Amino acid sequence: MRSLIGGIRARAAGTVAGVVAAALLGGGLLGPPGAAAAASAASPPADPTSLVHPFVGTENFGNTFPGASAPFGMVQVSPDTGGQGGYDYDQNAIHGFSQTHLSGVGCGVAGELPIMPTTGAVSDVDPDHYRSTYSHDDEEATPGYYRVGLKSYGIDAELTATQRTGWQRYTFPATGAANVLFNTGKANQKVFGSEIRVVGDRTVEGRVEAGNFCAGKDRHTVYFTATFDRPFASYGTWRGTTPTPGSREAAGEGGNGAWATFDATEDRDVVVKVGLSYTGPRAPARTSRRRPGTPTTSTPPAPRSTTPGGRSSTRSGSAAAPRSGSAPSTPRCTTPSCTPMWRATWTAATPASTARPTPPPATPRTRTSRCGTPTGRRTSCWRWWSRGWPAMSRCRWSPSAGTAAGCRAGRWPTARPTS
């Protein structure tokens, strides 16, 4: 598992490099506005990621985060120091590295499952007490990678991510009590309840129910599975502020958490991989077992090249299908990682040659976009949004087929869709 860290970091940087290069070319950022000839002749730098500064916006209420995430990934592993985005550059202490973040928010949000490495006996589980000071002189961030030195413990922490998993590597000083703490009772928003379990000698799993984003009524549950690269020597959990060595479970409202202790007298590195899911407790384990860097679609997309001016000369995968008259007729999610809930929730676009598509009996009939191409929609869209935001119960959705054709499904009627 440890040998994969460097590879994941390199792949993340390479993916971001492609995105940055496309943005530079497509947005005409390589030349002055209006200078089409100059933009066409210009070329991106050898390493586009050198232009990315992850710390931009992390102070003065910019509420961004400097941690690691893959483009369009579901995991954003980053340090937590305070502030609505989870990280405030002006703070000097870190209380954990949580798995979820949103950039540029106006209210506290996400920050579920902060993980914190410590040393010594686990006797105080208050994050305000076990947090560590750090210095910006001993901190670095590049696309897909973050590193910091934790002064209070002499620990070097490194973070990276794939699209579905977050990875952390801790280099401890030589000690027989190298701890990794999982705090399920703390997030960057209200936590309604949580549970955590120690499974075997390498795994910690559980869930966190959080919500009330911007004083709303929303709630969501994050399920997680954390797997270590080697067995831990001892473990425990806490309920409230009381740690219980040897305990394997903790649940309820308020503070909950668990820890694993390793012998780092000789092998000083500890690597933990975290898989997340918003659908159920089994999905994180499947995600965690996937090989890092595995494509998220069953067939790899065709190469995508971008020309100056923002037009793509080559479209990839299903996005090009409507142009050839063969829109996808299978669900969008066709990989082994798809859950039954996903397959039952989404409908797919039908072939462009089909005048009146006939969906399954239990699925509402698909709509037709203004370009005449049948478009799919999310059947649970209305019910999902109306739980917390009644005023936002009109949803917009078009799959890749409609998007590639330049079409978008319109707003749904005010009446609740039949299902």
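In case you wondered, yes, glycine gets a Cβ from its N, Cα and C as well.
Curation plays no part in TrEMBL annotations; they are all automatic predictions.
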From 118-146, 234-262, the residue range that TrEMBL assigns the feature region 'Disordered': 234-262
TrEMBL annotation (region 'Disordered') - matching range among 60-79, 160-179, 400-419: 400-419
Secondary structure content of the region 'Disordered' (234-262), with strand meaning DSSP E or B: 0 helix, 21 strand, 8 coil
